[in-house]
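Heads up, the thing below is written out as structure tokens.
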Amino acid sequence: MSKNRSSLQSGPLNSELLEEQKQEIYEAFSLFDMNNDGFLDYHELKVAMKALGFELPKREILDLIDEYDSEGRHLMKYDDFYIVMGEKILKRDPLDEIKRAFQLFDDDHTGKISIKNLRRVAKELGETLTDEELRAMIEEFDLDGDGEINENEFIAICTDS
């Protein structure tokens, strides 16, 4: 299998990525290389990219495969996946990432994170928190005193500002 991470240990991309980001790329590839052949086909690539937070149109994914597929097999090997995803991760706008995270909490699209939203996320993460604990979390960061966390308050939490 071509998932040899040591071959990618040199180069500018490698020095810019955090260890956690490198691990996420490796895990996404490994998880979605369904037949363990060391390559991702279109469908595997699409879900691996989505797992890393990137949803590209079909045409763009096919173009990426064509760009890196020197053998005409319509597959992407790990080294190429690492390069493509590493570059995409480094180009991410941190503010966009925070806003995307906010949307995961705000599943009812009210523009605010309520105790109900927080309870759902805690449950999804396997955390058992009382309403009192959830309320305390919201009160800690609720700058306008409305009992909920709006997007600006969430951004402030995530950026320590």
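Cβ coordinates are placed from backbone N, Cα and C, and glycine is handled just like the others.
The feature Ca(2+) 1 binding site is assigned by Swiss-Prot to ASP33, ASN35, ASP37, GLU44, with sequence analysis given as support. According to Swiss-Prot, the Ca(2+) 2 binding site annotation covers ASP142, ASP144, ASP146, GLU148, GLU153, on the basis of sequence analysis. Here Swiss-Prot flags 20-55 as domain 'EF-hand 1'. According to Swiss-Prot, the feature domain 'EF-hand 2' maps to 56-91, an assignment based on a curator's inference. Residues or ranges marked as domain 'EF-hand 3' in Swiss-Prot: 93-128. Annotation source Swiss-Prot lists domain 'EF-hand 4' at 129-161, citing sequence analysis. Per Swiss-Prot, phosphothreonine is recorded for THR130, and the stated evidence type is a large-scale study or a structure entry.
Around ASP146 (Ca(2+) 2 binding site), taking its Cβ as the centre, 11 other Cβ atoms fall within 10 Å, counting all chains. In sequence order, LYS112, ILE138, PHE141, LEU143, GLY145, GLY147, ILE149, ASN150 are the residues of the same chain, not among ASP142, ASP144, ASP146, GLU148, GLU153, whose CB sits within 8 A of the CB centroid for the Ca(2+) 2 site. Between ASN35 (Ca(2+) 1 binding site) and the residue listed as 'phosphothreonine', the C-alpha separation comes to 43 Å. Non-local neighbourhood of GLU148 (Ca(2+) 2 binding site): THR110, LYS112, ILE113, SER114, ILE138, ASP142, each in the same chain, at least six residues away, with C-beta under 8 Å from its C-beta. Listed in chain order, the extra residues whose Cβ falls within 8 Å of the Cβ center of the Ca(2+) 1 site residues ASP33, ASN35, ASP37, GLU44 are PHE32, MET34, ASN36, GLY38, PHE39, LEU40, ASP41. Residue environment of ASP37 (Ca(2+) 1 binding site) contains 13 other Cβ atoms, counted within 10 Å of its Cβ in all protein chains. In terms of DSSP secondary structure, the domain 'EF-hand 4' (129-161) contains 20 helix, 2 strand, 11 coil. Taken residue by residue, the domain 'EF-hand 1' (20-55) breaks down under DSSP into 23 helix, 2 strand, 11 coil. If you compare Cα positions, GLU44 (Ca(2+) 1 binding site) sits closest to GLU153 out of the recorded positions THR130, ASP144, ASP146, GLU153. You'll find the Cα of ASP33 (Ca(2+) 1 binding site) roughly 39 Å from the Cα of GLU153 (Ca(2+) 2 binding site). Of all the binding-site residues listed here (ASP33, GLU44, ASP142, ASP144, GLU153), the one with the fewest other CB atoms within 10 A of its own CB is ASP144. Averaged over the domain 'EF-hand 4' (129-161), the predicted model has a pLDDT of 94. Residue counts for the domain 'EF-hand 3' (93-128) under DSSP, split into helix (H, G, I), strand (E, B) and coil, are 22 helix, 2 strand, 12 coil. THR130 (phosphothreonine) is surrounded by 9 other CB atoms, counting those within 10 A of its CB over all protein chains shown.
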